[in-house]
Amino acid sequence: MLYRVSGFYKRHTRNFTNIDYGYYIRNFIHHIASKIYPYAKVVLPNFRAAHYFYILTLVILGSILVYPVKTCAYIDVLFFTAGASTQAGLNTVNVNDLSLYQQIVLYLLATLATPIFIHGSLLFVRLYYFERHFDNIKERSLMDYRMRKSATLARLGSAPTMSSTRLNTFNNQVLGFQEREAEKGSSSSPQSSSSQTSQPVSTAYNDQGGNDIEHHSEPSDSDDDESGNGPVTFQEKIHFEEPQRPRSQRRHSRTDSGIKFSALPHPRRRKSIDPEDMYRSINMLQEHKKNQEAKSKGIQFLNIGSPVRRKSRSSNIEAFPEEDTNPSRGDEITPATNSVGTGNNDEDEDDILIIKPPIEIENSDEANPIFTKKKKLASQIQFKETPGKAKKWITTKTRKHYNPWTSKLKKTLSNSSKKGSLSVVPTDTEDDSEDEEYASIDSETSDISDNEHAADNAEGSDVDSVGSYEEDEDEDEHNSDDDDDGEGERRLGNGASLTKAQSHLVLPSKDETGGKKYTKRSNTLDTPQQNTSDGRKIRKKAPKRKTPRTQRNASFNQHSNVSIGDGSIENVDTNDSYQRLSRTMSGNYLSWTPTVGRNSTFIKLTDEQKEELGGIEYRAVKLLIKIIVVYYVGFNIIPGVMLSIWIYCMPHYKNLMISSSISPAWWAFFTSQSSFNDLGLTLTSNSMMSFNQNAFVQILCSFLIVIGNTGFPILLRFIIWVMFKTARPLSLYKESLGFLLDHPRRCFTLLFPSVPTWWLFFILVVLNGFDLVIFCILDLHDDTFKGVDMGYRVLNGLFQAFCTRTVGFSVMDLSQLHAATQVSYLIMMYISVLPIAISVRRTNVYEEQSLGVYAKENAEGVDESAPSNYVGSHLRNQLSYDLWYICLGLFIICIAEGKRLKEQDLRFSIFAVLFEIVSAYGTVGMSMGYPGVDCSLSGEFNVISKLVIIAMMIRGRHRGLPYTIDRAIMLPNAAMKRHDRLQEEHAINRHNTMERTTTLGRVATFGNGPIDGGNNLLTRAITNIEHRLRNRRDGRSESSTVSEDPRYVVRTVSEV
């Protein structure tokens, strides 16, 4: 029995504790909202209408709660509640005359009506809508985060060892193949040499007398990790060649004639599919191809087939340079023949030009004038491989296509030996002096350290040429003359023009070979094809440049990031690209690189990407709610505690409060809340004049005034930035903070991007500084401040400048100040809301839609994205719109108070009335006052004038709101999707229009032509092109010489 009761209790307790109360609460809210929504949609069509409804509800409800005490007339109660609900702060009755209950109601009204509270409450509505209408958004967002974190950790963890891992993987693929080659009994390995025979690399050296030395060593993973070189065979398509030793050194090596090392046993790789058969088939195909030597008198060139023949080739063909065995031809261009299969078989299309660098020329016994430092004149050229440790690169027939004419060889084609990376930096200007100074061309494998990796020159010339012609040749004919990058020529003294073929290093792609296709980065010299039938020069058409003009680094030393998607593996990120991505996104909150337009407009998103973006936005909103709740509650409580401690420690001010029948603790909390919420009401009858010689109260209240309104977006972004910097890397917490920093206006109305935030901070400093300077110039030595120290006078001026923003405290009698100071305060109250209003509107994601500018693009081509255009537009709209209300209110009050104005009372003048109206419309609360009363000038108005002031308060409270559409206040429903789609289309059209305008401007000014806005564009473009071509012909003379090979024309270029 007890067992059954215990089980029943546990079962019901477990069910009770597992109840999702949030689910039932959301269902209840949804049930109520579904009943009200059809009617509310008609009454409240947009956010501005809803905001009006909320403020009016607080005003009426507050008056109903305050009036029953009957300490004042209802019009005064309505005036108080309107001032508390709009943060205007004007009073017609002394606040201390109200009861404690009435003061508490005003306290709560001001707390519930601040912009922080209202816009922060929208975050709860958006959060509810996310969880209600998106199934499992929390779980799906968490899964996306774990996926991104795992991928990032795998990428970062594998980056330091990526180089050795790749090499070991490639080397293991050919284990067990070397012994098959050794069984052939013939010297079928390519002719090459190695400077270090102790490395685990298979090498073969062929000297002049035909002495063959062949080394085969067993591969070792540890050796691969240390040196970066594995067992190299021609089946791997990885070729290394050491330049010939000087003849004096080669004579000593002839004693090793006939030495041959047999192959050591190699363990067979245990695989279901041995790649041996595939490489054997490739080898059999290659054995049937021969090389043909291109010979000419003094100068011989690489034998390159036509583009049509290259397209027809079905596989990559290896190229192994053969050393020149004729000492008498050391100063000539020696063709490099490719030995495949046997040493006698030559291929007819894979001759390679091997260029000898200056370092080897200086160390060798052979003299070659063209390689003399800073010399250019020579009649014969020696091309040779660079000495140094050979590194391993991987090739494929699937590669990215790059035009060999796009990069100008302005300086030597050499590696960057500082970072151990292979880089090509395209230049945009021609500099003939650099050509003369750097007349030598280095091989890609110059003297580099063990940490540096170089590309093999033996194969890239042919393979790159094949890939480069698979582009559409008719695509960019106009680029051959318009773009400076269209000329890839390199002048070698008076010799032939040479070009550099490029390719990218990429990771394997999944294809029919099972992911065994690779490309390498090669830098080879290619000669332009010439047409010898009619003696005319024909330049190859340049394919479109596919990459931006940035320095590309391809090296095994760099940290490579591998992403897996759609069954393929790509080299998506290097260390530099990851840094560029980090600059684009503050955190790793997306698994893809977004295309973001102006004001955080995401363009061209798939459904999966939209779901992931919605998940990160949901988590960002959830985190932002926590931050704002702590911010709002904390700054409402902590300053009150601080002031309470201070006033109880200051007997003078404590006795002052007690003598006025004010509780010191209540004064502390009411004053701190009035400062932070920009209410402007005080329990003391003279506002803040009692504390004009106390620095603590003025400084603390000034800080609260700023961070409660104008400075709130600044401090909020600063808090988020500090939290982001101190957050744990790759955490869910940091991802959300990064999204808030990058795309704040997608989540919150009062959180701006970095540049508008700095702009707001600058405006805040300038406006307050201006008020302080005016005060110090005109009123610092006024008799009103007799008995006040100079330091406190400056502090009073600074405090009063802060009060002109929104709060309306008075630390001095404003009616006694200089007239110019009063006018400056009037202007500052009028524009007090503009910094926030402009920041809200110019950072609105749907700003164009809200402004209604989607009809037609600007025909005049004005850049609407410029901040000055937005600021000017908003200022014109805001100021012109506000003046109508102010003038109308002044007109009505002048009619209602006509008799008082006729009395010519200096304290009840038109300027004083205008000052009161602007203070009410700007929701500031400053007043000129009236003698004999301890309230605002509004206390002297009649009922009609008070109603006008109430209307000014309510209307002015809505000046800082966005226009009808703002994504931060929209719910993620069909309407928001429609606006997103409209914004995306507009962003694309805008980009295309700007791109066309920029293109027309560039063509119109091509060749330093006049700017005419695109008129007579075609004639001017043709004229400028002809002018440029004529300058080229006038600036240089060219001569062509036909070589013995009919496919080559040697072109000699010399400057006139």
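Backbone N, Cα and C define each Cβ position, glycine as well.
Predicted, not measured: the structure shown is a model, and the values here were computed from it.
What Swiss-Prot lists as topological domain 'Cytoplasmic' is 1-46 (among others), and the listing cites a curator's inference. Taken together, the residues in the topological domain 'Cytoplasmic' (1-46) have a mean pLDDT of 71 on the 0 to 100 scale.
Annotation comment: Swiss-Prot describes 47-67 (among others) as transmembrane segment. Same-chain residues lying 6 or more positions outside the transmembrane segment (47-67) and placing a CB less than 8 Å from one of its CB atoms are 74, 77-78, 80-82, 84-86, 98, 102, 105-106, 109, 112-113, 118, 950, 954, 957-958, 961-964, 966, 969.
Taken from Swiss-Prot, the feature topological domain 'Extracellular' covers 68-73 (among others), and the record attributes it to a curator's inference. Sequence-distant contacts of the topological domain 'Extracellular' (68-73) (same chain, at least 6 residues past either end, Cβ-Cβ under 8 Å): 92-93, 97-99, 101-102.
Sequence-distant contacts of the intramembrane segment (74-90) (same chain, six or more residues past either end, CB-CB distance under 8 Å): 55, 58-60, 62-63, 66-67, 98, 102, 105-106, 109-110, 113-114, 674, 677-681, 709, 806-808, 916, 919-920, 923-925, 927, 936, 938, 943, 946-947, 949-950, 953-954, 956-957. The feature intramembrane segment is assigned by Swiss-Prot to 74-90 (among others), with a curator's inference given as support.
DSSP places the residues of the topological domain 'Extracellular' (91-99) in helix, strand and coil in these numbers: 3 helix, 0 strand, 6 coil. Sequence annotations record features per position, and here Swiss-Prot assigns topological domain 'Extracellular' to 91-99 (among others).
Within the same chain, residues 51, 54-55, 58, 62, 65-66, 69, 71, 80-81, 84-87, 625, 628-629, 631-632, 636, 666, 670, 673-674, 677-679, 681, 683, 708-709, 712, 748-750, 836, 960, 968-969 sit at least 6 positions outside the transmembrane segment (100-122) and bring their C-beta atoms closer than 8 Å to a C-beta of that stretch. As annotated by Swiss-Prot, transmembrane segment applies to 100-122 (among others), with the evidence given as a curator's inference.
Taken from Swiss-Prot, the feature topological domain 'Cytoplasmic' applies to 123-622 (among others), supported by a curator's inference.
If you look up Swiss-Prot, you'll see 180-276 (among others) marked as region 'Disordered'.
Annotated compositional bias 'Low complexity' per Swiss-Prot: 186-203 (among others), in sequence order.
Marked as compositional bias 'Basic and acidic residues' by Swiss-Prot: 236-245.
The feature region 'Disordered' is assigned by Swiss-Prot to 290-350 (among others).
Sequence annotations record features per position, and here Swiss-Prot assigns compositional bias 'Polar residues' to 335-344 (among others).
Among the features that Swiss-Prot reports, region 'Disordered' is placed at 404-571 (among others).
The compositional bias 'Low complexity' annotation in Swiss-Prot covers 412-423 (among others).
Per Swiss-Prot, the feature compositional bias 'Acidic residues' maps to 428-449 (among others).
Feature annotation from Swiss-Prot assigns compositional bias 'Acidic residues' to 469-487 (among others).
The largest share of C-beta pairs under 8 angstroms with the transmembrane segment (818-841) comes from 755-778, of the ranges 694-710, 755-778, 875-896, 943-965. Sorting the topological domain 'Extracellular' (897-909) by DSSP state (H, G, I as helix; E, B as strand; all else coil) yields 8 helix, 0 strand, 5 coil. Proximity of distant same-chain residues to the transmembrane segment (694-710), defined by a Cβ-Cβ separation under 8 Å and at least 6 residues beyond the stretch ends, is recorded for 87, 114-116, 635, 639, 642-643, 646, 653, 671-672, 675-678, 688, 760, 764, 792, 795-796, 798-799, 802-803, 805-807, 809, 811, 832, 835-836. Remote same-chain residues near the topological domain 'Extracellular' (897-909) are listed as 815, 928-931, 937, 940-942, 945 (criterion: CB distance under 8 Å, separation of at least six residues from the stretch ends).
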